[in-house]
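Written out below as structure tokens is the structure these notes cover.
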Ligand code: UDP
Ligand code: MG
């Protein structure tokens with residue numbers, strides 16, 4: 001069957017993978033909250049940053065050095081690499097609900113996703129963790145001091161990561177805001193307090209029959 005027909009059937013029968021994008025500055029708590037959502041709502045957590053680090057660490061990876069340079073500089077890796085890692089993870093999982101954490105982060109990410117993946121999935125909403133730079137920086141530095149092993153949890157990389165967030169990721173959030181897909185969370189509080197709000201968003205979505 002032609003793949004376009006198959007896609008139309010999957011769409012009509014709601015068999016497409018369901019996706020929530022999770023965005024927020026470095027250290028806003030995306031990963032921590034995603035773990036909690038996975039435990040309670042049965043999503044699969046896909047961190048774009050983790051997938052890139054995993055690819056970087058593969059012996060002989062064609063893109064290892066490029067990825068490491070981008071990460072240290074707080075820049076966004078070209079979308080072809082990130083999108084194919086995400087697509088492989090989605091297709092290879094056998095599951096149907098995904099938290100895509102830390103993506104799309106800039107216009108290039110958004111364009112690449114819209115061109116090659118958006119039609120094949122159902123975007124439920126975009127969860128945004130709001131947290132000022134001072135708190136984010138403090139959290140990442142203590143994560144670094146606590147042995148995160150991340151080459152970008154240092155003050156110099158953090159400044160660049162935060163600039164990238166303000167200049168490149170915020171406009172992407174504005175784009176989804178215009179589509180009424182953004183759900184914002186005050187992420188300055190403790191992880192459990194933040195999660196109380198997160199939980200409500202997922203419960204409300206289910207109650208409202210967002211998928212139906
Ligand atoms: N990154 C990227 N594209 C993505 C996601 C991450 O290029 O779609 C790179 C980017 O350099 C970013 C780094 O990976 O600064 C770390 O991302 P991660 O999401 O792990 O950081 P977090 O925001 O969770 O602290
Ligand atoms: Mg993370």
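Glycine residues also receive a Cβ, built from the backbone N, Cα and C atoms like all the rest.
No curator has checked TrEMBL annotations; they are predicted automatically.
Annotation source TrEMBL lists ATP binding site at 27, 28, 29, 30, 31, 32, 143, 189. The region 'NMPbind' annotation in TrEMBL covers 47-77. If you look up TrEMBL, you'll see 53, 75, 76, 77, 102, 103, 104, 105, 150, 161 marked as ribonucleoside 5'-phosphate binding site. Under the heading CMP binding site, TrEMBL lists 109.
Annotated features taken from TrEMBL, shown on the structure.
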residue	record	DSSP class
27	ATP binding site	coil
32	ATP binding site	helix
53	ribonucleoside 5'-phosphate binding site	helix
76	ribonucleoside 5'-phosphate binding site	coil
102	ribonucleoside 5'-phosphate binding site	coil
109	CMP binding site	helix
143	ATP binding site	helix
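Using a Cβ-Cβ cut-off under 8 Å and counting only residues 6 or more beyond its ends in the same chain, the region 'NMPbind' (47-77) has close neighbours at 30-31, 34, 85-86, 89, 100-103, 105-106, 108-109, 151-152, 157-164, 168. Cα-Cα distance from residue 76 (ribonucleoside 5'-phosphate binding site) to residue 189 (ATP binding site): 28 Å (rounded to the nearest whole number). You'll find the Cα of residue 104 (ribonucleoside 5'-phosphate binding site) roughly 17 Å from the Cα of residue 29 (ATP binding site). Only 150, of the binding-site residues 53, 109, 150, have a C-alpha within 10 angstroms of the C-alpha of residue 143 (ATP binding site). Among the binding-site residues listed here, namely 53, 102, 150, 102 has its C-alpha nearest to that of residue 30 (ATP binding site). Of the listed binding-site residues, namely 30, 143, the sparsest Cβ surroundings within 10 Å are found at 143. You'll find the Cα of residue 28 (ATP binding site) roughly 11 Å from the Cα of residue 102 (ribonucleoside 5'-phosphate binding site). Note on proximity: among 53, 102, 109, 150, the binding-site residues of the record, the Cα nearest residue 189 (ATP binding site) is that of 102.
Taking a C-beta cut-off of under 8 Å and a sequence gap of six or more, residue 102 (ribonucleoside 5'-phosphate binding site) has these contacts in its own chain: 22, 23, 30, 47, 48, 49. The two recorded residues residue 32 (ATP binding site) and residue 150 (ribonucleoside 5'-phosphate binding site) have their Cα atoms spaced 16 Å from each other. Per-residue pLDDT, averaged across the region 'NMPbind' (47-77), gives 97. Across the fold, the C-alpha of residue 31 (ATP binding site) and the C-alpha of residue 53 (ribonucleoside 5'-phosphate binding site) stand 14 Å from each other. In space, 150 is the closest of the binding-site residues 53, 109, 150 to residue 29 (ATP binding site), judged by Cα positions. Just so you know, the Cβ of residue 53 (ribonucleoside 5'-phosphate binding site) picks up 17 other Cβ atoms within 10 Å once every protein chain is counted.
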